[in-house]
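Undergrad: Please find one structure pasted underneath; my questions will follow.
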């Protein structure tokens, strides 16, 4: 492999690895309908792939409209021992989960069910802004 090709390969790895490797960790819970009104959009219907942000990511409403890819990474000490379905979901932040919120991200019931068994109630997650 020529020097130019090695340099390009190293540069590509340097650019790609940080974005692939940086995922925040936290927990997720879920809430059930009705999903309106929401803190971000009032009575606007934002569908069901939505979430409420805890203080960890809320940023005084700065999180409104942001999308996050959320992946179940494991069980908490409660609920189902192996809740994860091996998938991820992209959700849009439309609401605020106030102090006392049990998770970093409070997913809609539909979003939670897409990545984990709802009987778990609370799961460990990794999440990245998309």
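The backbone N, Cα and C atoms fix where each Cβ goes, glycine too.
No curator has checked TrEMBL annotations; they are predicted automatically.
Feature table excerpt (TrEMBL):
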DOMAIN    26-130  domain 'Expansin-like EG45'
SIGNAL    1-23  signal peptide
Undergrad: Along the domain 'Expansin-like EG45' (26-130), what average pLDDT does this model show?
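TA: A mean pLDDT of 95 is what the predicted model shows over the domain 'Expansin-like EG45' (26-130).
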Undergrad: Using DSSP, tally how many residues of the domain 'Expansin-like EG45' (26-130) sit in helix, strand and coil.
TA: 14 helix, 43 strand, 48 coil
